[in-house]
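Residues or ranges marked as dUMP binding site in Swiss-Prot: Arg133, Arg134, Arg178, Ser179, Asn180, Asp181, Asn189, His219, Ile220, Tyr221. Look at Swiss-Prot and you will find Cys154 tagged as active site, nucleophile, backed by sequence analysis. Residues or ranges marked as (6R)-5,10-methylene-5,6,7,8-tetrahydrofolate binding site by Swiss-Prot on the basis of sequence analysis: Asp181, Ala278.
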Amino acid sequence: MTKADLLFKDNITKIMSEGVFSEQARPRYKNGEMANSKYITGAFAEYDLSKGEFPITTLRPIPIKSAIKEIFWIYQDQTNDLAVLNDKYGVTYWNDWEVGHTGTIGQRYGAVVKKHNIISKLLKQLEDNPWNRRNVISLWDYEAFEETEGLLPCAFQTMFDVRRVNGELYLDATLTQRSNDMLVAHHINAMQYVALQMMIAKHFGWRVGKFFYFINNLHIYDNQFEQAQELLKRQPSECNPKLVLNVPDGTDFFDIKPDDFALVDYDPIKPQLRFDLAI
């Protein structure tokens, strides 16, 4: 059993046995009903990517190709334009969060990255002094929230640190998330930001180190309890999945493409489960 599978089962068990129910939830199911959830607070996980520990379960198939494309939309294209996400990457799931008829998700995510020139500043800081302790990406922008409507960012802060071990430099990353749908989005969000970590490490020719993941509110929606029990019954696959970035060390961050990533040794348990999402 991989570390990701062990943590997945532990978190599902903890939510179902110790979690409390939300009240006055904002999200709605497609039938208009309030989408409440059972949740725990303060969930934390640590993965040592350099030792082959990756945050992706084998208990069900996790579609990370589209998730990685979303990272490119946010941090390379640096836009909130849904047409870019739809036409360039073939990803449409953000369309449910379109603000009015603007064709955007409001001043969120990529728009905030562009507004503050976040990636270029981060890369410059790491180039000037890899050991500085100020390598922070924050998408929590109150001014932007007041400017337009839109879903507030869930994965809103990422921090990076560099370590020298036996003469090699390792890039560590910490992702902070205010809210996470355990069964649907947990491993998608984690692997997205592992991909971002790998892109930054490749830019400098460093190795990827540890990935730390903190979630304030980790939940299972009240229409997903049957799927939760099914996942607990499943025995994990014997595979040991790893994400690989197939570009030379020193490849510029903005020259990396989604197809440069490959998920290897991944043979998840099937069939896939169906989820009615809360919007």
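Cβ from N, Cα, C; glycine included.
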Cβ-Cβ distance under 8 Å to Arg178 (dUMP binding site), same chain, at least six residues away: Leu152, Pro153, Cys154, Phe156, Ile215, Asn216, Asn217
Spatial neighbours of Asn189 (dUMP binding site) that are distant in sequence (at least 6 apart) but have CB under 8 A: Ala67, Cys154, Ala155, Leu175, Gln177, Asn180
Pairwise CA distance, Arg133 (dUMP binding site) versus Ala278 ((6R)-5,10-methylene-5,6,7,8-tetrahydrofolate binding site), rounded so that it is a whole Å: 37
Separation of alpha carbons, Ile220 (dUMP binding site) and Ala278 ((6R)-5,10-methylene-5,6,7,8-tetrahydrofolate binding site) (Å): 11
Listed in sequence order, residues with CB under 8 A of Asp181 ((6R)-5,10-methylene-5,6,7,8-tetrahydrofolate binding site) and six or more positions away: His219, Ile220, Tyr221, Ala278
Candidate with sparsest Cβ neighbourhood (10 Å radius) among Cys154, Ile220, Ala278, the listed recorded positions: Cys154
Asn180 (dUMP binding site): tally of other CB atoms within 10 A of its CB: 22
Secondary-structure category, per DSSP, in which Ala278 ((6R)-5,10-methylene-5,6,7,8-tetrahydrofolate binding site) falls: coil
